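*Asks:* Would you mind keeping the following structure in view while I ask a few things?
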Amino acid sequence: MAKEAFDRSLPHVNIGTIGHVDHGKTTLTAAITKVLADKGGAEFKDYANIDNAPEERERGITINTSHVEYKTENRHYAHVDCPGHADYVKNMITGAAQMDGGILVVAATDGPMPQTREHILLSRQVGVPKIVVFLNKCDMVDDEEMIDLVEMEVRDLLSAYDFDGDGAPVIRGSALGALNGEAKWVAAIEELMAAVDEYIPTPTRDSDKTFLMPVEDVFTITGRGTVATGRVERGTIKVNEEVEIVGLVEEAKKTVVTGLEMFRKLLDFAEAGDNVGALLRGVDRESIERGQVLAKPGTIKPHTKLQASVYALTTEEGGRQKPFFNKYRPQFYFRTTDVTGEVILPAGTDMVMPGDNVEMTVELIKPIAVEDGTKFSIREGGRTIGAGTVISVQ
């Protein structure tokens, strides 16, 4: 069957359902596809179809994730739903499912629970900009005041983690009721999607951001100079533009891109996603290496000390058999290179067990081009034992 062309006429947004186990995330995902399918904007996916999430591998970690897509009048959405709590933690920290916004599902029968809080914290750490709330199972609560209390609790919780608790849309509904076609609850799903359309900002496309390309390989063309190859991570680069070589050394070095080529063809410019070779003026083979990045001057700096949110793999996932402690020195893999670093655990945390999610300080032995939101893996003897996201650089 021929593949359908991807429709670029609508802005594309990545969202996901988050919240405590059994509060109705997957049922809500199914309900959204059903309500939008009736308007011609989706293909209906039932609960079993979404819950039976395929395994994916990201940074050497197996994650179960379901992806569904649907359209509203204004946007095209890719929606992720994870069956288990650990899958959310891994998904968000590895960036396997980049989220431009979240739908926080809270059962009105229960109110906020431990994973509700944990998912909000994770969303804050990995930089999810906005959260819309869906109070589910409202058909099972007779007392309106009870729902008011739950809403207040959720708003307070969002505010506690620096989200807009006062301004966030909170929709009351029943995902199961909507799946069963009850008009009142179908209307709640329509209200939810209108809120998502309006409240969650359209993300800046990768190609509109500032230029950055991790260096994967370096070689010399006799008579022409040094070429750095890699995949453009974001932004665009034109021939004769100035770039900086950043990382592994304290001082960034400026140079000019005098030529670009892809698949042996010359280019005037390259953009996010392109695998290119960049010819660099006045740079000798020894002064650039894999693990550095080419970037728009002044946009990224090399750092050795950072705060990070880290997930330690379980033994079954190929992680460590035993916990690690303060001053642990593994390899930290950023973009294209491994650098040794030392782990400094927060006060009160003596050790990190396989399967734990922890905030820590990392001190690298060499400076690396990193910024808030940069993803990395933690490796030991060539195998991945953890994944992390930079929360802040120091």
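Even glycines carry a Cβ here, placed using N, Cα and C.
Here's the feature list from Swiss-Prot:
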BINDING   19-26, 81-85, 136-139  GTP binding site
BINDING   T26  Mg(2+) binding site
DOMAIN    10-204  domain 'tr-type G'
REGION    19-26  region 'G1'
REGION    60-64  region 'G2'
REGION    81-84  region 'G3'
REGION    136-139  region 'G4'
*Asks:* In angstrom units, rounded to an integer, how far apart are the Cα atoms of C82 (GTP binding site) and T26 (Mg(2+) binding site)?
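*Replies:* Checking the Cα atoms of C82 (GTP binding site) and T26 (Mg(2+) binding site) gives a distance of 8 Å.
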*Asks:* Can you tell me how the residues of the region 'G3' (81-84) break down into helix, strand and coil by DSSP?
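*Replies:* Final tally across the stretch: 0 helix, 1 strand, 3 coil.
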*Asks:* If you draw a 10 Å sphere around the Cβ of C138 (GTP binding site), how many other Cβ atoms fall inside it, taking every protein chain shown into account?
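*Replies:* I count 23 other Cβ atoms within 10 Å of it.
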*Asks:* Who are the long-range neighbours of the region 'G2' (60-64) in its own chain, taking Cβ under 8 Å and residues 6 or more past its ends?
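*Replies:* Same-chain contacts beyond the ends: 53-54, 82-84, 87, 90-91, 94, 96, 313, 317-318, 377, 383-384, 387.
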*Asks:* Would you kindly list the residues that approach the region 'G4' (136-139) from elsewhere in its chain, counting only those six or more residues past its ends and only Cβ-Cβ distances under 8 Å?
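*Replies:* Contacts of the region 'G4' (136-139) (Cβ under 8 Å, skipping residues fewer than 6 from its ends): 23-24, 27-28, 105-109, 147, 172-177, 185, 188.
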*Asks:* Please work out which residue of K25, H85 has the most C-beta neighbours within 10 angstroms of its C-beta, and give that one of the binding-site residues.
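*Replies:* The residue with the most neighbouring Cβ atoms within 10 Å is K25.
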*Asks:* How many Å lie between the Cα of C138 (GTP binding site) and the Cα of T26 (Mg(2+) binding site)?
*Replies:* 16
